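Chemist: Dumping what TrEMBL says about this protein:
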DOMAIN    9-69  domain 'CASTOR1 N-terminal'
DOMAIN    84-141  domain 'CASTOR ACT'
DOMAIN    178-260  domain 'Cytosolic arginine sensor for mTORC1 subunit 1/2 ACT-like'
DOMAIN    261-323  domain 'CASTOR ACT'
């Protein structure tokens with residue numbers, strides 16, 4: 001398999017809910033007016049706590065410093081795995097499950113923290129720029145590694161990173177097994193032709209910026225355990241959306257497209273309290289058991305918590321699996 005180090009230098013930020021009004025103009029510009037910015041990597045995810053915004057350095061310039069904006073201090077680099085151009089068959093697990101054993105687990109063992117962003121098109125593994133030498137050294141036996149510069153890929157040779165190379169200290173300690181929450185929402189993973197973004201602009205703005213406000217005459221949610229989760233990504237010209245079925249009903253059905261199976265997904269939300277960026281093994285806690293059972297999963301990290309989406313028909317077995325995983329003694 002090939003591992004591509006993409007030509008983006010990313011920042012991971014958080015906008016608090018009560019400060020969103022200060023950022024509506026730059027966010028609308030980044031979503032709908034991409035030709036007026038040089039931003040090529042943009043992702044916005046709303047959770048009950050905040051808005052997580054992951055974007056490249058050109059996009060980051062659009063966000064003015066504010067008491068309502070938190071910025072993780074590192075520069076992150078996105079990686080993705082290419083299976084030598086071979087498309088996976090529909091019977092194979094998809095998403096983070098495919099890379100759990102070959103990427104996620106080895107990096108966790110070397111104390112490399114990862115930030116995952118699954119989209120409709122692919123899975124991005126974000127690593128800190130300062131950890132790149134460790135990443136290459138750890139994965140070079142499993143992958144042909146290439147780095148993108150100006151749209152061209154060149155092979156990364158092991159000797160290119162060995163000068164000054166040092167591991168991140170000892171191997172990572174046994175990771176904390178975090179509690180999980182499984183809300184009742186059903187979720188969809190979809191895409192959209194970027195040229196049709198103007199056609200859904202009003203709906204998208206309403207869902208992103210006004211959906212937290214109760215609408216006149218609206219009935220309270222029938223299930224108070226449902227959580228608000230909406231993710232929009234515009235990366236290298238490709239749009240990806242993750243939303244629950246309630247939000248999906250607000251969009252014109254003929255513009256959004258999903259996989260031919262049109263399957264629904266359920267969420268596993270990881271963390272009883274906000275997770276730290278320094279901790280390693282959080283993604284592995286979920287992805288490894290899913291990989292062992294060949295269960296598909298999309299994985300979206302946010303500033304405070306992590307989220308895995310699994311097929312609805314697998315949620316019972318996933319729940320039982322994770323409960324058993326929590327009971328197992330640490331090695």
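The count begins at 1 with the first shown residue.
The backbone N, Cα and C atoms fix where each Cβ goes, and this holds for glycine too.
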Chemist: Over the domain 'CASTOR ACT' (261-323), what does the predicted model average in pLDDT?
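Modeler: Averaged over the domain 'CASTOR ACT' (261-323), per-residue pLDDT gives 89.
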Chemist: By DSSP, what is the split of the domain 'CASTOR ACT' (84-141) into helix, strand and coil residues?
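Modeler: Split into helix, strand and coil, the domain 'CASTOR ACT' (84-141) gives 25 helix, 12 strand, 21 coil.
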Chemist: Just give the helix, strand and coil counts over the domain 'Cytosolic arginine sensor for mTORC1 subunit 1/2 ACT-like' (178-260), going by DSSP.
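Modeler: Secondary-structure breakdown of the domain 'Cytosolic arginine sensor for mTORC1 subunit 1/2 ACT-like' (178-260): 21 helix, 22 strand, 40 coil.
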